[in-house]
Amino acid sequence: MKILLINIKELLQVRENAPKLLLGTQMRDLPTIKNAWLYIENDTIRDYGSMDNCIELEGFKPIDCTGKIVMPAWCDSHSHLVYAGNREQEFIDRINGLSYQEIAEKGGGILNSAKKLQETSEADLYKQSAERLKEVMRLGTGALEIKSGYGLTTEAELKMLRVAKKLNENFPITIKTTFLGAHAVPSEYQNDKDGYLNLICNEMLPKVADQKLAEYVDVFCEEGYFSVSDTERILSEAKKYELIPKIHVNQFNAIGGVAAGVKHNALSVDHLEVLTPEDINALKGSDTMPVALPSCSYFLSIPYTPGREIIDNGLPLALATDYNPGSTPSGNMNFVVATACIKMKLTPAEAINAATINGAYAMGLSDTHGSITKGKKANVIITKKIPSYGYLPYAFGSYLIDTVILNGEKI
Ligand SMILES: N=CN[C@@H](CCC(=O)O)C(=O)O
Ligand SMILES: [Zn+2]
């Protein structure tokens, strides 16, 4: 299968030798070619250039992209896309005055989703999740991380990860899986958190590893969930199985989880709505990617991650959706990018870098995703006719995508 895109108004994120990640002022630079072409063969980007030197290929019709921008598909490094049912009632409860924490204390929140998921068959869970996956692909996402964490029993956690793996096999999108058994303490262990930690360490982790269901491990390190020492225990145990940490930290409170993540060589630390100077210092010089989830801040009306400050401190930043039924029932990376510009004061170039190259890094996909580079996966978004790439976050809420190509397939 060959695809040639011609007369592209602007080809974004073109990198001959793509860096693994971008930090600080590097994030301001978004290399582009105006009036460009792009050639795809099977699932791979083969070549690109300016229309002044367009390749000629016999026997098939190129796709004319006059007035349209072409860019790499989004890399969404943090999602909980596999879940059962929804939590619409909690949304209404919050409108009526209850906080996210109060709802959780009453047995709602993550435990509510866990109950629903335990009662849902694997086939039904797959069906519900596949619908959401098709939607995010149409919204331009080409690589996605999916966490467990709504099972909270060994069998239900494994079920979630099997569903995520099956989605990876059946759809032209790259999915990376993360084991998040430590998402909340299930009600059966309400007065015995150590008992649940033992279950995670002695039963869940070995099974996840043995069945090769996840590459990453996550912990919700937060007051009322898992402490820094709980987190360190799980990360140390997970290391024995070569699971790499990608953790939830600093969503509501800064309790030292960022430094713990860095100490355990976390690939990413995610949320960071509450960030201290000590957290910023802990990230400096590390290989850990800070990940902001602005749709979660929008939906819960909590502070936005100080992305401007993170970048101005010379650090990298990635953007992701956090797609889940409780805090972010949206998998729309276009909205994430727009909200990062509008609320976190990232420039469009910084936000696009954060949602492509840096998102790929936060999933261990730097070599294959996140930029227009020869040999990388043919994952691209063709926009509708728009005046410039800054128009994408500017016209937030508009559906500006004409075509999405993933693994060289038009979807
Ligand atoms: N904060 C922890 N986990 C999810 C939300 C969980 C839920 O409310 O279901 C998040 O990343 O926001
Ligand atoms: Zn999350």
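All residue numbers here begin at 1 and follow the chain in the order shown.
Cβ atoms here come from the backbone N, Cα and C positions, even for glycine.
According to TrEMBL, the feature Zn(2+) binding site maps to H78, H80, H248, D322. Taken from TrEMBL, the feature Fe(3+) binding site applies to H78, H80, H248, D322. What TrEMBL lists as 4-imidazolone-5-propanoate binding site is R87, Y150, H183, Q251, S327. The N-formimidoyl-L-glutamate binding site annotation in TrEMBL covers Y150, N324, G326. The domain 'Amidohydrolase-related' annotation in TrEMBL covers 69-409.
The binding-site residues near ligand 1, defined by a Cβ under 6 Å from one of its atoms, are H248, Q251, D322, chosen from Y150, H248, Q251, D322. The secondary structure of H248 (Zn(2+) binding site), as reduced to three states from DSSP, is extended strand. The residues near the N-formimidoyl-L-glutamate site, meaning same-chain residues not in Y150, N324, G326 whose C-beta sits within 8 angstroms of the mean position of the site's C-beta atoms, are H80, Y83, R87, I110, S113, G149, P325, S327, in sequence order. Using R87 (4-imidazolone-5-propanoate binding site) as the reference Cα, a 10 A cut-off selects G326 from the binding-site residues H78, H80, H248, D322, G326.
Counting every protein chain shown, the Cβ of S327 (4-imidazolone-5-propanoate binding site) has 22 other Cβ atoms within 10 Å. Within 10 Å of H80 (Zn(2+) binding site), counting C-alpha to C-alpha distances, fall the following of the binding-site residues Y150, H183, Q251, N324: Y150, N324. Here the candidates are the binding-site residues H78, Y150, H248. The one whose C-alpha lies nearest to that of G326 (N-formimidoyl-L-glutamate binding site) is Y150.
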